[in-house]
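Asker: Have a look at this one.
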Amino acid sequence: MIYQAETLQVKEVQDGIAELSFCSPKSVNKLDLATLESLDKALDALKAHQGLKGLMLTSDKDAFIVGADITEFLGLFAKTDAELDQWLQFANSIFNKLEDLPVPTISVLKGHTLGGGCECVLATDMRIGDKTTSIGLPETKLGIMPGFGGCVRLPRVIGADSAMEVITQGKACRADEALKIGLLDAVVDSDALYESALKTLTSAINEKLDWQARRKQKTSPLTLSKLESMMSFTMAKGLVAQKAGPHYPAPMTAVITIEEGARFARNEALDIERKHFVKLAKSEEAKSLVGLFLNDQYIKGLAKKSAKSASKDTQRAAVLGAGIMGGGIAYQSALKGVPVLMKDIAQPSLDLGMTEASKLLNKRLSRGRIDGFKMAGILASITPSLHYTGIEESDVIVEAVVENPKVKAAVLSEVESHVGEDTVITSNTSTIPINLLAKSLKRPENFCGMHFFNPVHRMPLVEIIRGEHTSDETINRVVAYAAKMGKSPIVVNDCPGFFVNRVLFPYFGGFSMLLRDGADFTKIDKIMERKFGWPMGPAYLLDVVGIDTAHHAQAVMAQGFPERMGKQGRDAIDALFEASKYGQKNGSGFYSYTIDRKGKPKKTFSEEILPVLADVCTDKQDFDDQTIIQRMMIPMINEVVLCLQEGIIATPQEADMTLVYGLGFPPFRGGVFRYLDSVGIAEFVAMAKQYSELGAMYQVPQMLIDMAAKGESFYGAQQQGSI
């Protein structure tokens, strides 16, 4: 043994050939701070080893290295610029040490080789993988960019254009793709991987492969003419500006880093990369996006815990109510390996549900994500039925009939009589209280809400609603089933609108009040999309949700929270509803809609909306951008905080993920609680007080007032990790 540490070891495997194997005692290999320090010492031991002729990098896991340890990021990023720069210099010196070994080096890859793992293998002379290899640099998705030499080495290995595409898109390349662009030198069968790597390394040792020329190319300036350079970087900047936009600076910074470093040799180019990395690492966007990643891991951890605690795994499911929603739920369940009975009282609805499932499967087939055999198997695992026969075999029932309390109660009571005593029954409802629906059941402890979002196959969130009688076992089984479906389940307590709709409608309330006071809805949409970062402004979102749906939900919310959400008079939603302007579904709402060549609705402004709004709005008044953002966001933020204060949602992490996954809250802002930390709670309280005369929706919750007085934040404890 040449060197041994907890997460890696080095031994001589053949005459003069050493193998450095990453072998963490945990389930995956990560380049955490401790592993980097061990790698540094291992390379020192290799340099001192007599008779070294070549080095192989391997992993004892199915994935080579999944990346750096992201849980350490926020702690690192909280350091001063100088401390972070110093640490990056140390990290880069390790990879330089690997790259500068006086012998040829090869990385032997399988599974994920991502982020820091990819940057590590770029420092070796050659890379060989099997067909499971997935290699890339996803850092820009976290608001940062490669900081261990990825912006320097990748362009010199695969060319500037391909490197900018991989880095700016945060892409992981499949083995065949990586081979095509030169990121891998060879792809072989898994059982031949080790021997092929040894053979390749031996060829390099025997000078049949010019490893020194490869190394020289990686440590020299990029070979681009002035014209090539200008064309490459100008085009890349244009594409990135169009795709990433102003709220996500990391992709553009990566392009600038590659451009600035192109004319320098490795060490000077690394200095440039370091400078830009530090700037990104200190940004609010990086803090938010890394925070979201950590929150996502937290939610996945909770789901795993629930699955372990559940006494029974869901092997079969049933959906009551077909159509688009029922078909979408059935498709998602079947796709993830849980056969499903889809029951409806009408054959046309069953046909629609099966058509929806077939359409979604055909899309996957046309994109090469499944083959015909797999598609047929998935479709066959959805059983459409007009009867309850066979439903007794289901472990979980998802009721997805029309949003009407009487109809739902009748269906729930009926299905309960057809299933076993330990069958879990859920209701896919967006507004009807779970405690109300539970009254129709003999076993309310086996019942909870399971709120899917439309379109089911695309929306990652499922809101799991706990009623006052719901048992922990029921929650655990439903959370485990949602996770099995590939969804992110968030458990909330029952209240009008649950969490998502409860916090959305004060936002719509702020919108209605702005219109009442003379604001232009097209300007509000523009500001909330371009400046704040929502995917859709409130008027457009209402059109997509459906004005009739929003009108109904608004009445439910007003009844549930009369003090904050009760209305003094008619508003814009009432006016559009009364004029039968329901939005996209009938071609006319705040905007008018036509169907484009791809069959998608295209919105345009039409003056016919103006007389409809005239009697609920005062004369036109211009509001500045900041006022619009504040008047729109304060009611939502207050309601989110009240939900935490009242225990409707358990943690800031779960609330923020729900907002991002369920409502499209701008990821670069990280959710309401991350946003409050970023703005400063005391600053938010002072700002909100300026609008207190607008009514109860603008009154700051006591929790925020108390936290502001104590100088507290919601995510203070997440700033961990040390250099």
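Placement of Cβ uses the backbone N, Cα and C atoms for every residue, glycine included.
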Asker: Record says Met325, Val401, Val402, Glu403, Lys408, Ser430, Asn454 bind NAD(+). Source is Swiss-Prot. Which of Asp296, Asp344, Asp351 does it list for that same site?
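Answerer: Given Met325, Val401, Val402, Glu403, Lys408, Ser430, Asn454 bind NAD(+) in Swiss-Prot, the matching entry from Asp296, Asp344, Asp351 is Asp344.
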Asker: For Tyr661 (substrate binding site) and Asn454 (NAD(+) binding site), what Cα-Cα distance in Å is obtained after rounding to a whole number?
Answerer: 12
Asker: For Val401 (NAD(+) binding site), which residues of its chain lie six or more apart in sequence with Cβ-Cβ distance below 8 Å?
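Answerer: Once residues fewer than 6 apart are set aside, Val401 (NAD(+) binding site) is near Leu320, Gly321, Val407, Lys408, Val411.
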Asker: Tell me which of the recorded positions Glu119, Asp296, Asp344 sits in the most Cβ-dense spot, judged by other Cβ atoms within 10 Å.
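Answerer: In terms of Cβ crowding, the pick is Glu119.
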Asker: Whole-number Å distance between the CA of Glu403 (NAD(+) binding site) and the CA of His451 (active site, for 3-hydroxyacyl-CoA dehydrogenase activity)?
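Answerer: The separation of the Cα atoms works out to 12 Å.
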Asker: Find, for the listed binding-site residues Ser430, Asn454, Asn501, the residue with the lowest Cβ contact count at a 10 Å cut-off, counting only other Cβ atoms.
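Answerer: So among Ser430, Asn454, Asn501, the binding-site residues given, the one with the fewest Cβ atoms within 10 Å is Asn454.
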Asker: Taking only the recorded positions Asp296, His451, Asn501, which one has a CA atom nearest to the CA atom of Asp344 (NAD(+) binding site)?
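Answerer: Nearest in space to Asp344 (NAD(+) binding site), counting only the recorded positions, is His451.
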Asker: Determine the most Cβ-crowded residue among the binding-site residues Met325, Val402, using a 10 Å radius around each Cβ and all protein chains in the structure.
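Answerer: The largest 10 Å Cβ neighbour count belongs to Met325.
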Asker: Going by Cα-Cα distance, which of the recorded positions (Asp296, Met325, Val402, Ser430, His451) sits nearest to Glu119 (site 'Important for catalytic activity')?
Answerer: Asp296
Asker: When you rank Glu139, Asp296, His451, Asn501 by Cα distance to Met325 (NAD(+) binding site), which of the recorded positions ends up on top as the closest?
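Answerer: Spatially nearest to Met325 (NAD(+) binding site) by Cα position is His451.
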